[in-house]
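Working notes, structure below.
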Amino acid sequence: DGFKAGVKDYRLTYYTPEYQTKDTDILAAFRVTPQPGVPPEEAGWAVAAESSTGTWTTVWTDGLTSLDRYKGRCCDIEPVPGEDNQYFAYVAYPLDLFEEGSVTNMFTSIVGNVFGFKALRALRLEDLRIPTAYIQTFQGPPHGIQVERDKLNKYGRPLLGCTIKPKLGLSAKNYGRAVYECLRGGLDFTKDDENVNSRAFMRWRDRFVFCAEAIYKAQAETGEIKGHYLNATSGTCEEMIKRAVFARELGVPIVMHDYLTGGFTANTTLAHYCRDNGLLLHIHRAMHAVIDRQKNHGMHFRVLAKALRMSGGDHIHAGTVVGKLEGEREITLGFVDLLRDDFIEKDRSRGIYFTQDWVSMPGVLPVASGGIHVWHMPALTEIFGDDAVLQFGGGTLGHPWGNAPGAVANRVALEACVQARNEGRDLAREGNEVIREACKWSPELAAACEVWKEIKFEFATVDTL
């Protein structure tokens with residue numbers, strides 16, 4: 001019937017409720033808030049079109065390709081329970097639309113343009129189902145949970161970390177000293193803060209050298225393998241790799257990257273280097289709240305977490321759950337499972353919109369960090385189980401007697417909780433009792449319990465402005 005110019009009606013092409021999704025499709029769940037007066041179907045098919053092959057008008061070059069093969073399809077729309085004028089739109093994208101092994105391209109396609117679309121008041125990507133065919137084009141985490149435990153020779157308990165504070169202003173020598181004290185006291189890891197890169201008061205190379213010295217000294221004295229997350233994030237990919245190379249030359253076990261500010265391309269580059277050279281990779285999620293904090297716009301963190309597992313990282317910060325609201329606990333555990341497990345069943349109550357099969361891609365250790373201290377240890381052990389890194393910054397360095405006793409207190413609290421759990425005690429109910437008993441034979445822990453006995457961080461969650 002020939003080519004007819006004119007503005008397109010997306011509905012005819014992109015709203016296909018009868019479509020049977022394929023195993024190779026990437027499936028997306030969007031939370032759509034249409035502008036007043038825009039029907040939900042229209043918003044749904046507009047999302048499908050705008051994030052795949054659509055353009056606003058008919059173009060004659062459409063005749064040179066098969067839209068049916070390449071278009072995204074809005075295959076289901078349902079109202080969000082309890083919300084006015086919000087809808088879940090499910091969109092299926094054919095795999096051909098995505099470059100192999102590129103998280104960058106996946107996001108450019110799915111969320112690149114559509115979020116500014118005028119017919120929508122707000123748009124949030126709640127979840128993605130990544131098909132196994134696409135997952136197998138990614139290397140994923142450099143090592144994963146099991147290999148990390150084997151490298152560190154640490155089993156049957158969560159790992160302990162600590163972010164060195166004050167994060168800016170220390171000289172490299174004093175920074176290294178703080179690292180040594182924490183590791184000597186009983187922590188497994190210490191950490192560069194996310195914004196510790198390279199400054200006039202502490203250049204990266206000096207920091208790397210003094211931290212390596214601290215690691216080796218602490219290892220020699222404790223007989224345990226220790227690590228410090230050396231932050232390799234920098235202004236260019238070349239400089240980042242240069243820093244990772246130097247870390248490898250020092251023989252340290254782990255480096256670190258800020259994957260959102262650094263970008264997925266840089267992150268995947270570093271992850272490949274880390275696997276090739278036997279370095280573990282710790283990932284910080286600085287900037288995530290810019291993307292994931294609003295309930296009705298942006299992207300949920302579970303999507304960023306899935307993307308990180310594909311791009312590559314052995315640890316990633318994932319919130320603490322402690323002292324937060326109960327509902328949030330289930331949602332957090334949902335994406336913690338998406339990071340660690342091989343196969344995760346669809347479960348809307350935990351925020352998991354699609355069943356996800358990772359086909360044996362290595363898992364990522366979730367890192368609980370931010371405002372936690374010894375009294376939280378039973379809850380953290382109970383909630384996260386063994387496969388997690390528990391990170392106490394102020395909860396170590398804020399100890400009245402100093403860093404090493406702070407580290408001792410945390411290690412004693414952790415070992416007490418793990419032992420109590422293994423003996424069949426219920427940490428949810430008896431947690432405080434377990435900590436109190438341990439205080440009797442650890443003056444360091446007793447002092448820590450005294451300092452933090454009353455501190456709580458409880459606010460209602462802020463997710464809409």
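Numbering starts at 1 and runs along the chain as displayed.
Glycine too: its Cβ is placed from the backbone N, Cα and C atoms.
Features as listed in Swiss-Prot:
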- LYS4: N6,N6,N6-trimethyllysine (MOD_RES)
- ASN113, THR163, LYS167, ARG285, HIS317, SER369: substrate binding site (BINDING)
- LYS165: active site, proton acceptor (ACT_SITE)
- LYS191, ASP193, GLU194: Mg(2+) binding site (BINDING)
- LYS191: N6-carboxylysine (MOD_RES)
- HIS284: active site, proton acceptor (ACT_SITE)
- LYS324: site 'Transition state stabilizer' (SITE)
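For the binding-site residues listed here (ASN113, THR163, SER369), the lowest count of other CB atoms within 10 A around the CB belongs to ASN113. According to its DSSP assignment, HIS317 (substrate binding site) is in a strand. The residue listed as 'N6,N6,N6-trimethyllysine' and HIS317 (substrate binding site) are 52 Å apart (CA-CA, integer value). Here the Cα atom of LYS191 (Mg(2+) binding site) is found 9 Å from that of LYS165 (active site, proton acceptor). Of all the recorded positions given, namely ASN113, THR163, LYS165, HIS284, ARG285, SER369, those whose Cα is no farther than the 10 Å limit from the Cα of ASP193 (Mg(2+) binding site) are THR163, LYS165, HIS284. Using the Cβ center of LYS191, ASP193, GLU194 for Mg(2+), the list of other same-chain residues with Cβ within 8 Å runs, in sequence order, THR163, ILE164, LYS167, ASP192, ASN195, VAL196, TYR229, ASN231, MET256, HIS284. Between the listed recorded positions, namely LYS4, LYS191, ARG285, the fewest other CB atoms within 10 angstroms of a CB are found at LYS4. GLU194 (Mg(2+) binding site) and HIS284 (active site, proton acceptor) are 7 Å apart (CA-CA, integer value). Checked against ASN113 (substrate binding site), the recorded positions LYS4, LYS165, GLU194 differ in C-alpha distance, with LYS4 being the nearest.
Ranking the recorded positions LYS4, LYS165, GLU194 by Cα distance from ARG285 (substrate binding site) puts GLU194 first. The Cβ neighbour count for HIS284 (active site, proton acceptor), using a 10 Å radius and every protein chain shown, is 28. Listed in sequence order, the residues of the same chain lying 6 or more apart from GLU194 (Mg(2+) binding site) and placing their CB within less than 8 Å of its CB are ASN231, THR233, ASP258, THR261, HIS284, ALA286.
According to its DSSP assignment, LYS167 (substrate binding site) is coil. Here SER369 (substrate binding site) is positioned 14 angstrom away from LYS165 (active site, proton acceptor), judged by their C-alpha atoms. Each residue contributes its Cα atom, and for SER369 (substrate binding site) and LYS4 (N6,N6,N6-trimethyllysine) those atoms are 58 Å apart. Cα spacing between LYS4 (N6,N6,N6-trimethyllysine) and LYS167 (substrate binding site): 62 Å, rounded to the nearest whole number.
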